[in-house]
Amino acid sequence: MTAQDTPAAVVGGGDRTTRPVWPQRLVWGGFGGLVVLGSVLLGLGSPQQPGPGFWPFAAGAIILVAAFAIRPPVGDQPPEEAFSHNPRRLLTALVSMAVFTALFTVVGLVLPVFALQLLWLRVLAGMRWWTALLLSVAVTAFLTAGLVYGLNIPLPPDPIIALLKGTS
């Protein structure tokens, strides 16, 4: 067995070594499992009458599945962070979240979510215009439908939601 066959083989010219992913997966999987177990002990309730453990159960299940379902990058090296070398991107993200928060209370949910999605997908992620537009519309539609119609969450007045509901 050579050094290249081991999980901790030297990668990228010999200056960095990789670590196996399985310990991290076990830790996160164990954490997700504990959250699921604790939420079941709290009581799940039902979607119509959620108990205190309903939302922690959903979060724990997502963590548990993600711990084992997400494939690590090639060579077990984490991808380079886009924000780490460009402080303007980080500043853009922070300012856009502040603007989103301010607009949310004034004009409601739909327009700020759409604008934030479009900005982040096009400017920060560098997606093409059509892809960013389609994803922004889809995310906004699903979020609005889920919060307003699915969960019946009261939100600040929104002219687009009022138009969709047929109220003024």
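Note that Cβ sites are derived from N, Cα and C of the backbone, with glycine treated the same way.
Annotated features, as they stand in TrEMBL:
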| type | residues | note |
| --- | --- | --- |
| DOMAIN | 35-156 | domain 'DUF1468' |
| TRANSMEM | 26-46 | transmembrane segment |
| TRANSMEM | 53-70 | transmembrane segment |
| TRANSMEM | 90-120 | transmembrane segment |
| TRANSMEM | 132-151 | transmembrane segment |
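Using the rule of three or more Cβ pairs under 8 Å, pairs at least 6 apart in sequence, the transmembrane segment (53-70) is in contact with the transmembrane segment (26-46). The helix, strand and coil residue counts that DSSP assigns across the domain 'DUF1468' (35-156) are 85 helix, 2 strand, 35 coil.
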